[in-house]
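Participant: Sharing a structure below in structure tokens format, with a few things to ask.
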Amino acid sequence: MSFWLKSGQENLQRILAYRNNENRAKNVIIFIGDGMGVSTITAGRIYKGQIKGNTGEEYKLAFENFPNTGFAKTYNTDKQVPDSAGTATAIFSGVKCRYKVIGLDTKASFNRCNNKTDKESKVTTVADWAQESGMDTGFVTTTRITHATPGGLYAHTNNRDWECDTSIPAQYKGCVKDIARQLIEDEPGNKFKVIMGGGAQHMGLPMEPIDPDTCVRGDGQNLADVWAENNPDGKVVTNLEQLLSVDIANTSKILGIFAPSHLPYHAVKTEQTPSLAEMTQQAVRLLKKNDKGFLLMVESGRIDMAHHHNWAKLALRELSELEEAISVALQEVKLEETLVIVTADHSHAFTMNGYPKRGNDILGFANDPNNPKIQSYETLSYINGPGFYHHRRNDSNNVNETWRPVDQDKERDEPYYPHMAGIYLEDETHGGEDVGVYAIGPYSHLIRGTFEQNYIAHVVAYAACLKNWPSHCDNSHNSVTQPTSSPIVFLLTSVLLLIVTGFD
């Protein structure tokens, strides 16, 4: 039997042998690859395969072996192409909202705080529901801990950029707390057992070097000290050595802040900056001490930031590190009782194109750069972004010489090399296409088909039998207060029926 016939049959038998896991999800881990659209996953798969010495196309990322997959529609309620604040709110609260707004439904306005309206607009999240169910909670990110995606777990704000007190307009300072204070002072943030990422400046924690593009607290507070005072059995750590030396058995909480702003890209980080995998491993080891289970969010946030600069190589390297974190987490938990979901908040204007040969360097040329009749170009390029002027040639009147010869660019091997962009923008934009959702573990079979992004939170609540949510558990575990005819039960049932039967 030929290779392709054999591999096709093996895959068929694997799918036929799959049985739905209908245990309660004692634990839930949600991995977010910020900006990890389908083109990024495909390119990242090939990149990872090639750095392992293979042709690349045949490689599978760890989460691509998950048995259940679907597509999430990412638009915000007011934007075809979304931002991370609105998408994080959808993923974690089950409610879609406006562009750049966190934790408030559509009654709230972007960039304008109104006490009455915003109070009515607040939504709760999977972190709230898990805590009410006795589970431990936390998050790990390579961005600032006050950034849009982690903020979607705990914050309520009209503008995702209101991360510290000096970023809030004067007229709204009495209306809304900055995101950093919400994390430390308010539920559910003040109950997180694990908080890891960057953002020392927003927290008022002294750390060098100062990032001129990141706000500095003006109220004089060191919120890391406040956290330490409120959590005497917890540990504040600021480097890898301190993180790895934490006595997990005798520590109740960890606050890890490892950079003034975002963590450095993995390819250029120092030895004392923990990797996403190292943070994830310590987080899981602490959280799984709770017999009632845990909910953890892990974000690879700098995939997105690399794409905004057209730094394709860095974006793919960050995706590779996300895969390492997923692999580490899978080794720490039992899949019989742990629901693992991997998805993106949105995509990017990033494309894999041309007709390169099988095994061609994914960061290389889509055509033969030695062919004088054809302008050389890269397999990976962007619709827009700052890479436009890096590659544009301004010293020629020949229309066929609009671009500098890519093969002669001496910066191609540098981590900060920008790939080609068709239109100049200071920052490359997000993409609006659906994103993949990959799931394994209890009730992961609910992740099927194409669905609204907010559906993910409903799957988590159902699978984990979170308090006061419809679930498959009996009342000895889950105290559902609504009668079976309640609107929320009807809504969930309708969604499930639509997934199974399709739309007429």
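Placement of Cβ uses the backbone N, Cα and C atoms for every residue, glycine included.
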Participant: Can you find which of Glu278, Glu299, Glu318 TrEMBL lists as binding Mg(2+) at the same site as Asp34, His147, Thr149?
Facilitator: Glu299
Participant: Considering only the recorded positions Asp34, Ser84, Asp304, His346, His430, which residue has the minimal Cα-Cα separation from Thr149 (Mg(2+) binding site)?
Facilitator: Ser84
Participant: What is the interatomic distance between the Cα atoms of His308 (Zn(2+) binding site) and Ser84 (active site, phosphoserine intermediate), given in whole Å?
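Facilitator: Cα-Cα, rounded: 13 Å.
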Participant: Given the Mg(2+) site residues Asp34, His147, Thr149, Glu299, which other residues of that chain have a Cβ within 8 Å of the mean position of their Cβ atoms, reported in sequence order?
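Facilitator: Apart from the listed residues, the neighbours are Ile32, Ser84, Ala88, Thr141, Thr142, Thr143, Ala148, Pro150, Ser300, Gly301, Asp304, Asp345.
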Participant: Which has the fewest other CB atoms in a 10 Å radius around its CB: His147, His308, His346, His430, the listed binding-site residues?
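Facilitator: Looking at the binding-site residues His147, His308, His346, His430, the Cβ with the fewest others within 10 Å is that of His308.
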Participant: Are there recorded positions among Ser84, His346, His430 that sit within 10 Å of Glu299 (Mg(2+) binding site), Cα to Cα? If so, list them; otherwise say none.
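Facilitator: Those near Glu299 (Mg(2+) binding site) - Cα within 10 Å - do not exist; the answer is none.
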Participant: Check His346 (Zn(2+) binding site) against DSSP and tell me helix, strand or coil, would you?
Facilitator: coil
